[in-house]
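Q: Structure in C-alpha cells, see below.
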C-alpha cells in the first residue's frame, strides 16, 4: 500500500503573499470591517518597528530575533555529534524540562516522527519528564527504564525549577544505580553558561553541556540547544529545521505593508477581533500530529500577552475529534471566540477507501477517495459551518508537516507574538504571574524562608 504524500489543493488566498506561509481570510472576511481594521494594521506595523528598534519592553530578551542568522556551524556540529553518541548507546532518551524547555522540541518530534515506532539502540524512544509532578507517571517511568539502556537530557537555566529538578533527582538516582561511575556519560545538561545549581552539578560530574543564551527566554528558545539537542537526539534533521527559520526571516523583517506581511497581518487581526469582544482564540488542526504545536503556541501567546488584565486566551482543539465535544459550543455557544486553523497543503493522503459488495456501512459513496481528501472536505465543511455560526475562521496554510516547514511556522508565530504583545502595550518577554503558584507551593511545603507564609495559607485553606 502506498503511503506517500501528494498535494491537496486549497482555495486561493484572499491576500497575496510571497511566503510559504499564507494567512487566508475567506472564512473571516465577513467579520472584518476595513475602516475599523485600519488602526490595528497601523499599530501592528508600529509594533513591528519597535521590535526592531530594540527599544521596546523586554528588549534584553530579543536574542531570538536574529538567531537564525547567528547560529554557529561549530555549535550545530557539536550538538549533532553529542546527540549521535547518545543515540548510539540508548534505547530511550529522557528529556527533562518544563514550559519552553520542552514544548518546542516536543512539538516538532510529535509532528514529524512516526505515530508507531519500535525503539532500539541507535533509534531511541524520546520520553519527556519534569513537566508535571504526578507520582504515578514517575513510578511507571522508573519501572519502564529499569531494563532499558537510557540517557538523559536535562534542561533548566537555573537547575532549581521544582518539576524538572525533582525529575532529575529521581532519574539520576536510577542512572547511578544502573551505570555506576559511567552514569555521567549518559547525561547532557542544557543550562546557564556560568552559574546555577545545574551548571555547578554539570561541572562537578564533567557532563557534556550546552548553553541557554541569556538573551533568549524559554518560550522563544526552540532554535537554541534547548530545542535543537532533543531533535538531533531523535534523529531529526536540525539543519532543515534551522533552514525553515532562515527562509522566512528576511521577508518577515523587510515587508512593511502590514497587509502583505502575514505576521503583521495576523497580529493586527488578532487584536481587531479582541476589540470586537472575541477574547478566545482557538488554534485548531485536522492533523493529530500537530497537537503539540498547539501546546507550544499556547505557552508562547499565553505567557507573552496574558498580563495587566489584557490578552487573548489561547485555546486549542484537535479536529475532527473535538467536533464531537466542543464543536457544539463553537457552533452555538457564546460568540467570544475566533479560530485559526493550521492547514498543511501537503498531507499523506494515498490511503484509499475501497468499496464493499454489501455496503453495510453505507460508505461506498466514499469509494476511491483518499482518506486525506475526506479529511480535507471535513475541514472545509467545518470552516463553513463555524463561519455561518458566527465564528471568524482564519486559515494558516503552510507547505507540509516537515522540520523545515515547522521551522518557518514557529518563527512566524514567535515574530507575530512579539508584534501582538507590543500592540497590546505589554512586555511580551516576561511572565511575572508564573511566580504566584510557586510561592504558595513553597510555603505549603515549608521551604526554608517561607514558614510564616505557609501558616497563613494553611489557615486560609481551613477557612480560619
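Using N, Cα and C of the backbone, Cβ positions are placed for all residues, glycine too.
In TrEMBL, annotation is done automatically, which means it is predicted and not curated.
Quick paste of what TrEMBL says about this protein:
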type	residues	note
DOMAIN	90-154	domain 'BTB'
ACT_SITE	303	active site, proton donor
ACT_SITE	438	active site
Q: Cβ distance under 8 Å to residue 303 (active site, proton donor), same chain, sequence separation 6 or more: which residues?
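A: Those within reach of residue 303 (active site, proton donor), by Cβ under 8 Å and sequence separation of 6 or more, are 99, 219, 431, 434.
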Q: How many helix, strand and coil residues does the domain 'BTB' (90-154) contain under DSSP?
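A: Reading the DSSP string over the domain 'BTB' (90-154) gives 24 helix, 17 strand, 24 coil.
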Q: Sequence gap of 6 or more, Cβ distance under 8 Å: name the residues on the same chain that satisfy this around residue 438 (active site), in order along the sequence.
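A: Sequence-distant Cβ neighbours: 162.
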Q: Please work out the mean pLDDT for the residues of the domain 'BTB' (90-154).
A: 94
